[in-house]
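Below you'll find the structure I mean.
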Amino acid sequence: MAKITTAVLQKMKQQADKITMLTAYDASFAKLFAEQGVDVLLIGDSLGMVLQGHSDTLPVTVADITYHTKSVRAGAPDAFVIADLPFMSYATPEQAMQSVTPLMQAGANMVKLEGGDFLLPTIQALTERGVPVCGHLGLTPQSVHIFGGYKVQGKTDAAADAMLAQAKALQDAGAQLLVLECIPTPLARRITEALRIPVIGIGAGNVTDGQVLVMHDLLGISSGYIPKFSKNYLAQTGEIRSAIAAYVSEVKSQVFPGTEHSFN
Ligand code: KIV
């Protein structure tokens with residue numbers, strides 16, 4: 001398999017070759033995911049919930065993400081790795097530049113940050129300094145207290161138009177990838193078709209250029225609330241390697257996500 005780069009991801013969008021992404025936090029799973037052909041590994045700040053046991057992602061620190069990025073990089077030396085910038089670690093462009101340094105030095109190929117217009121100067125500053133950026137719109141978990149819970153975003157015409165405008169602005173500022181979380185499928189289609197850069201969905205239907213899931217949801221080992229958009233592939237296959245292979249195959253063939261995992 002060709003080594004994944006931002007140029008390869010761009011080409012995959014153009015060729016309608018669906019991009020597979022999974023969260024990974026340690027070397028063993030990172031190695032296994034890479035062996036099963038997962039295109040992109042994300043050290044998500046979801047680790048605050050699935051590893052640390054918090055009820056949201058807000059307690060996660062840059063040091064936490066740095067530690068897990070080092071582990072993932074050790075397990076998957078050739079993988080394309082994205083590291084999340086945690087809550088309040090990129091409130092200003094200056095702070096973002098400080099926060100990305102240990103993440104890139106730990107082996108990340110790209111950083112992901114949540115939000116819209118306020119991030120435009122930050123994205124420009126990072127990309128000008130050689131740090132590739134992935135945006136994240138829709139249900140951005142670091143803003144859970146603004147949203148009043150984990151709710152589908154972009155449901156009204158005005159909210160949908162605003163999200164499309166923000167997606168274009170992130171791209172124009174230099175973002176090279178975009179995650180859309182928990183939005184109606186028709187809006188995900190509009191944004192995916194309007195952007196040059198690849199769009200990765202989670203709870204955004206099968207119309208985006210790729211999919212991402214939290215590995216604990218895919219393996220059915222998350223406790224508490226299980227999101228409608230996730231699928232337990234371990235229950236379906238009974239073995240971890242086969243579960244990952246099934247996820248990759250179902251994303252590539254657009255079987256996953258089905259309408260039962262999507263919002264309209
Ligand atoms: O933190 C995370 O795992 C994420 C994904 C759910 C996209 O941001």
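A Cβ is built for glycine as well, from the same backbone N, Cα and C atoms used for every other residue.
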Check TrEMBL: it lists ASP45, SER46, LYS112 as binding 3-methyl-2-oxobutanoate. Then name which of ASP17, ASP78, ASP84 it lists for that same site.
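Looking through ASP17, ASP78, ASP84, the residue TrEMBL assigns to the 3-methyl-2-oxobutanoate site is ASP84.
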Within 8 Å of the centroid of the Cβ atoms of ASP45, ASP84, GLU114, which other residues of that chain place their own Cβ, given that this set defines the recorded Mg(2+) site?
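The surrounding set, listed in chain order, is GLY44, SER46, THR57, VAL60, LEU85, PRO86, PHE87, LYS112, LEU113, HIS136, PRO141, GLN142.
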Hey, what's the Cβ neighbour count for GLU181 (active site, proton acceptor) at 10 Å?
23
Please compare the binding-site residues ASP45, ASP84, GLU114 by how many other CB atoms fall within 10 Å of each one's CB, and tell me which has the fewest.
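Among the binding-site residues ASP45, ASP84, GLU114, the sparsest Cβ neighbourhood within 10 Å belongs to GLU114.
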I'd like the Cβ neighbour count for LYS112 (3-methyl-2-oxobutanoate binding site), meaning other Cβ atoms within 10 Å of its Cβ, all protein chains included.
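Its Cβ shell of radius 10 Å holds 23 other Cβ atoms.
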What three-state class does DSSP give LYS112 (3-methyl-2-oxobutanoate binding site)?
strand
